[in-house]
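According to TrEMBL, the protein carries these features:
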- 230-413: domain 'Major facilitator superfamily (MFS) profile' (DOMAIN)
- 21-44: transmembrane segment (TRANSMEM)
- 141-165: transmembrane segment (TRANSMEM)
- 171-190: transmembrane segment (TRANSMEM)
- 228-245: transmembrane segment (TRANSMEM)
- 265-288: transmembrane segment (TRANSMEM)
- 295-312: transmembrane segment (TRANSMEM)
- 358-381: transmembrane segment (TRANSMEM)
- 387-405: transmembrane segment (TRANSMEM)
Amino acid sequence: MSTPSGSPRASLLRNGRFVRLWVGQSVSFVGDTITLVALVVLVADLTGSAASVGGVLVARLLPTLASPLVGVLADRLRDRRWLLVGVDVFRAAVLLSIIFVESVVALYPLVFLLGVCQTLFNPTIRSAFPGVVAGGDLTRANALISGSFSLAVATGPALGGVLVALVGVDAAFLIDALTFLVSAAFLLFVPMPSSRGAEGPATGEPGGESEESFVSELGAGFAYLRRARLPLGLVIGALLLLLAENSTVPAEPFLARDTFGAGEAGYGFLVASYGVGMVLGSAAMALLGDRAKLLVVYFASIAVACASLATVGVAPTFALVLAAFAVAGTCNGLDNVTTDALLQKRVPESFLGRVYSVLFLFRSVGEVAALAAGGFIVVVLGPQDSYLLAAAAMLLFGIVILAIIRPTRSRKS
């Protein structure tokens, strides 16, 4: 991939389409984290039930099961911009509707619609990245977007809590609705034509209504993923790595409060340390850009994350735990950027939406399974031993991913 003349970093920031996409995404990332806090507070106020809170979060994730169908749609579109703008405007309308909700029964379908929007949006915008960057530094572009997301994850919950406390839940939903309208306004001026836009679909590629059926295109996407070892390894890796690392999430408050006596504030410091690490990982990839050896960084991040989890499992002091969390977060930031950059560099654009849709599906499955298993694991093993188990699982899963990606001798020949 060629790089425009001049500094790659400066060239990327002179790309108006990318800058508008980046700003719009950054604003909506902050809004997303505010909404999550506001939803939890709203459900708690309406019902006082932890089960209801869990139900709302499940309703938001359920549409992800339809992700592969969305991937076909993303690959069919001539200009993905219009779908993304429409989704953002619709999300704003749904959030404004939540302001008038008075029962959790009425809230569930609205949260489900938010999940549908997220399922439509995520693979579509990711598959548009190579066209928007247009020959620039794709690794750095992904790192900048990932850095904005990581910063929102690190600061958004606290910001959401402050907003809810100061201006109330309804105002928080209003603010998030505005962030989606801002995102839509920026995306409106970011044309995202597919590589087929001017030339028409190539043989076997998705196209208009007269082309292969929707189901056939879906099958073609799965067939491509089965035979493409690198994308397959990254997609399966997303599920396995989330399953290992996120299984420790239920242990975090007990680790801070019971094991080290750091209380609720200590739990907050754990979450913040991980978030800061994510930002640092994204920043490191932004500095390296396309000079980075992506597969080397990817597997190195898995190895160091294993060591970080094991360190938490044997750490004698809370300060060492905080440091290990920061390192693990850095590895997560590196993993996110390298996964996106590798997929966008290696997968043909005509399949990118479908590959990303499976990636997001697997991430959701891994996250839900990890949280469900993690609660049981922490009860059986205790907080610190949960991290030792997660470290062993991540090491095993890293070997599995390497075995999938590494070409066999016959394939090399």
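Heads up, residue numbers simply count up from 1 along the chain you see.
Yeah, the Cβs are placed from backbone N, Cα and C, and that goes for glycine too.
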Recorded stretches the transmembrane segment (387-405) and the transmembrane segment (295-312) touching, at least 3 CB pairs under 8 Å: yes
Touch test for the transmembrane segment (21-44) and the transmembrane segment (171-190), at least 3 Cβ pairs under 8 Å: yes
Chain residues outside the transmembrane segment (141-165) and at least six past its termini with a C-beta under 8 angstroms from it: 12, 18, 21-22, 25-26, 29-30, 32-38, 41, 129, 132-133, 171-172, 175, 271-272, 274-276, 278-279, 281-286, 289, 329, 333, 336-337, 340-341, 344
Same-chain residue ranges lying at least 6 outside the transmembrane segment (295-312) that approach it to Cβ under 8 Å: 234, 241, 244-245, 248, 255, 281, 285, 320-321, 324-325, 327-328, 330-332, 334-335, 338-339, 342, 384, 387-388, 390-391, 394-395, 397-398, 401-402, 405
Intrachain residues whose Cβ lies under 8 Å of the transmembrane segment (265-288), provided they are six or more past its termini: 9, 139-140, 142-144, 146-147, 149-151, 153-155, 157, 252-253, 255-257, 297, 301, 318, 321-323, 325-338, 341
